[in-house]
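Features reported for this protein in Swiss-Prot:
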- A2: N-acetylalanine (MOD_RES)
- 82-102: transmembrane segment (TRANSMEM)
- 133-153: transmembrane segment (TRANSMEM)
- 159-179: transmembrane segment (TRANSMEM)
- 187-207: transmembrane segment (TRANSMEM)
- 208-228: transmembrane segment (TRANSMEM)
- 244-266: transmembrane segment (TRANSMEM)
- 276-296: transmembrane segment (TRANSMEM)
- 314-334: transmembrane segment (TRANSMEM)
Amino acid sequence: MAASQVPGEINIQAGETAKSGDRDLLGNDCRDQDRLPQRSWRQKCASYVLALRPWSFSASLTPVALGSALAYRSQGVLDPRLLVGCAVAVLAVHGAGNLVNTYYDFSKGIDHKKSDDRTLVDRILEPQDVVLFGVFLYTLGCVCAACLYCLSPLKLEHLALIYFGGLSGSFLYTGGIGFKYVALGDLVILITFGPLAVMFAYAVQVGSLAVFPLVYAIPLALSTEAVLHSNNTRDMESDREAGIVTLAILIGPTLSYVLYNTLLFLPYLIFSILATHCSISLALPLLTVPMAFSLERQFRSQTFNKLPQRTAKLNLLLGLFYVFGIILAPAGSLPKL
């Protein structure tokens, strides 16, 4: 990690910048060697897709699916146009937030050659490419929100409150205030990609706000937070060297392990209670328990390679089974549904 890098200053090259007119031993202009190699449009598109960290999109898609399922079971409404528009809007905000994270982690000297995200470190993309792509995605999200306003019965002030609340959370996680760097990132993600996203998908469909979608979002929010916590625990040493503070750094390795297990297994306790007292269909998420134990063993052995990606996969499967369980539950068996 480039510990000598000045915070807020982007240092792309490892050595000194070649001066105008400098040549190598073969007589070639050194400035030409600093340029990125020409790549095909397919390679360029693949680079943009990888920069979005698509493996993390389960944190966006499952809340949208859950909110839509709650709307269907409680009010009997499900407009496919609103479902697609909501999914694209949330994915756009999530992807843009990932790009903001990439940009600011690099500019603060946090990302390095051994980091999981080396989009800027390896010059896969240039900083200005990441910025422009992020602006495009935020704009796309706003366009989708405008379309949702035209199609949904939800009041403008309610739609704007939820949507721009989520957008602000995705940006301020590392941009602006930078909640991630002051141990508040976990709280932001827990709210944004849990209750807020579920409420957004639900309200867009039914045209009103309610409290019960926030309650149903709790198991999914805990699972999503497990993804972030595994990522922060893996990066604990590099984050500490960069001078930032995350929850994983504050509580240390032992309590981080305890917290990860709590986030991992508490949803299963909730599903067991619901399956026992409400509907057996809510036992479907329990099919993913073996995967959860596998992740626990990997965390305990401190083998953090690909742990966030594997936790995100569990988050996706658990969320889908949860949604199917709600849809399959008999009418009146679940509270408010």
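Yeah, the Cβs are placed from backbone N, Cα and C, and that goes for glycine too.
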Of the listed stretches 82-102, 133-153, 208-228, 244-266, 314-334, which one has the most C-beta pairs under 8 A with the transmembrane segment (159-179)? 82-102
Find the member of 133-153, 208-228, 244-266, 314-334 that has more C-beta pairs under 8 Å to the transmembrane segment (82-102) than any other listed stretch. 133-153
Same-chain residues near the transmembrane segment (314-334), Cβ under 8 Å, at least 6 residues beyond its ends: 58-59, 61-63, 65-66, 69-70, 72-73, 216, 219-220, 223-224, 226-227, 264, 267, 271, 274, 278-279, 281-285, 287-288, 291-292, 295
Would you kindly list the residues that approach the transmembrane segment (133-153) from elsewhere in its chain, counting only those six or more residues past its ends and only Cβ-Cβ distances under 8 Å? 48, 51, 79, 81-82, 85-86, 88-90, 92-93, 95-96, 99-100, 103, 125, 159-160, 163, 167, 171, 204-207
